[in-house]
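Feature annotations, courtesy of TrEMBL:
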{"type": "REGION", "residues": "1-23", "note": "region 'Disordered'"}
{"type": "DOMAIN", "residues": "35-426", "note": "domain 'Major facilitator superfamily (MFS) profile'"}
{"type": "TRANSMEM", "residues": "41-64", "note": "transmembrane segment"}
{"type": "TRANSMEM", "residues": "76-96", "note": "transmembrane segment"}
{"type": "TRANSMEM", "residues": "103-129", "note": "transmembrane segment"}
{"type": "TRANSMEM", "residues": "160-181", "note": "transmembrane segment"}
{"type": "TRANSMEM", "residues": "188-210", "note": "transmembrane segment"}
{"type": "TRANSMEM", "residues": "252-272", "note": "transmembrane segment"}
{"type": "TRANSMEM", "residues": "284-302", "note": "transmembrane segment"}
{"type": "TRANSMEM", "residues": "314-332", "note": "transmembrane segment"}
{"type": "TRANSMEM", "residues": "339-356", "note": "transmembrane segment"}
{"type": "TRANSMEM", "residues": "399-420", "note": "transmembrane segment"}
Amino acid sequence: MSTMDAKAISGGGEEASGMRSETLGESGRLGEINRRQAIRIAYLIATLELTFLFMHFGIMPYFVKTLGLDSVGFGYLQTTFGVFQLVGGPIFGRFADRFGTRAALILSCASGSAFFLLMSISTSIPLLFLSRVPAVFMHGLPGAQKVITDLTTPSQRADALGKLGLCFGIGIIIGSALGGVLSTKFGIFVPAYVGLVGNLINTMVAMFWIPLPAKPKSDHRAKEHGTSQSGSVFSIRQILHLMKFPGVMEVFIIKVFAGLPIGLFLIMFSIISMDFFGLEAVESGYLMSYFGVLQMVVQGLVVGKLSNHCTERTLLRLSVFVFAGVGLGMALMRTVWHYCIIAVPLVFAFSMLATITDSILTKSVPASDTGTMLGICASVQPLTRTVGPTIGGVLYKQFGVSSFGYLQLIVNIGLFVYLMKCKIPLTETKSQ
């Protein structure tokens with residue numbers, strides 16, 4: 001072979017190698033664009049679903065009155081909704097692990113459509129209770145969390161999950177206002193029609209804009225220990241198996257109990273706002289909007305920045321410590337203005353605890369089981385809604401508003417001491 005031929009072959013090889021590198025670079029950039037687009041679509045779906053949900057919460061006291069349901073029956077209705085969500089959370093997460101995030105979000109949005117459809121034709125109390133059944137699979141927020149978990153690296157996860165708090169805040173503000181306006185101007189059933197159409201649109205968005213393989217290839221750890229591909233979607237044993245991974249049970253217990261007393265207070269807040277603070281319905285609506293704005297500010301400007309500069313262990317301890325301070329403030333508060341001041345650290349602690357524990361727990365299990373873990377995490381709020389009316393009612397009636405604060409203080413001091421003595425999470429990492 002001549003020298004010229006050798007050079008030509010060498011040059012051709014270099015050119016081909018350069019073309020391959022360029023193609024790979026373009027493919028990587030395209031993949032990054034698609035990844036960001038999918039995450040933004042997940043934020044959109046979560047925002048719309050939360051908006052319709054808070055719209056529903058706002059009109060329900062008036063809706064049930066038109067059917068002749070008293071306050072006790074309304075409590076049973078809320079408990080029924082909470083039980084369905086509690087049971088469905090882990091099952092929905094396992095479904096997402098088995099069949100993919102797109103299928104899970106479609107299921108959630110379609111269930112929301114069925115929920116509002118049944119509500120729109122509820123002309124009797126049995127039909128109204130029947131409309132709660134689709135709540136088993138109405139888990140748009142965990143579905144969006146699953147998309148984010150699958151499409152972000154562990155170092156980006158806390159910041160990306162924290163931004164879902166913006167969706168929550170927008171949902172509170174717009175949903176509460178929209179429900180009141182629609183029911184007042186156009187009739188009590190109109191919000192249900194809007195929720196039906198909105199969830200159908202959400203279903204189409206999930207079908208066409210959430211990528212099918214929204215999950216990276218399973219790592220060795222996932223193949224060795226994962227449970228998502230074994231057993232039935234409804235297997236309780238496989239779901240509970242995740243609690244045996246190192247550090248998972250401890251973090252989950254902290255997640256449940258740190259915010260439980262405040263959760264009981266918030267369950268009773270509609271009564272407390274009337275009896276203790278003396279607020280009218282309009283003023284309660286303003287207070288909810290204030291909470292929504294706080295949620296957006298804290299999640300958008302505070303949680304993400306702190307997660308970039310502090311370790312998860314530090315932030316977990318900080319949120320529990322702030323929760324203890326919130327308990328003391330609630331034990332001493334006397335007016336609604338006191339509560340507005342306390343609401344700032346309250347929203348911070350709630351947002352930080354939810355974001356950091358979700359991030360820690362999804363990192364503590366195999367990648368193939370993050371959906372199930374998020375589903376278990378999503379069951380915490382329905383659990384509070386289920387037991388809240390009974391326990392909260394007893395606390396308020398027997399011991400007054402201050403009892404919620406003292407209980408919050410005692411529980412979180414105990415948890416803070418425990419966290420200072422134990423290494424939780426097991427590995428100390430920064431989000432960035």
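Each Cβ is built from the backbone N, Cα and C atoms, and glycine gets one as well.
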If you count Cβ pairs under 8 Å, which stretch among 76-96, 284-302, 314-332, 399-420 touches the transmembrane segment (160-181) the most?
284-302
With pairs fewer than 6 apart in sequence excluded, do the transmembrane segment (339-356) and the transmembrane segment (284-302) have three or more C-beta pairs that lie under 8 Å?
yes
Under an 8 Å Cβ to Cβ limit, what residues of the same chain, 6 or more beyond the ends of the transmembrane segment (314-332), are close to it?
251, 254, 258-259, 261-262, 265, 306-307, 338-339, 341-342, 345-346, 348-349, 352-353, 356-357, 360, 401-402, 404-413, 415-416, 419-420, 424-425
Of the listed stretches 41-64, 103-129, 188-210, 252-272, 339-356, which one has the most C-beta pairs under 8 A with the transmembrane segment (399-420)?
252-272
Just to confirm my parser: what is the rounded mean pLDDT across the domain 'Major facilitator superfamily (MFS) profile' (35-426)?
85
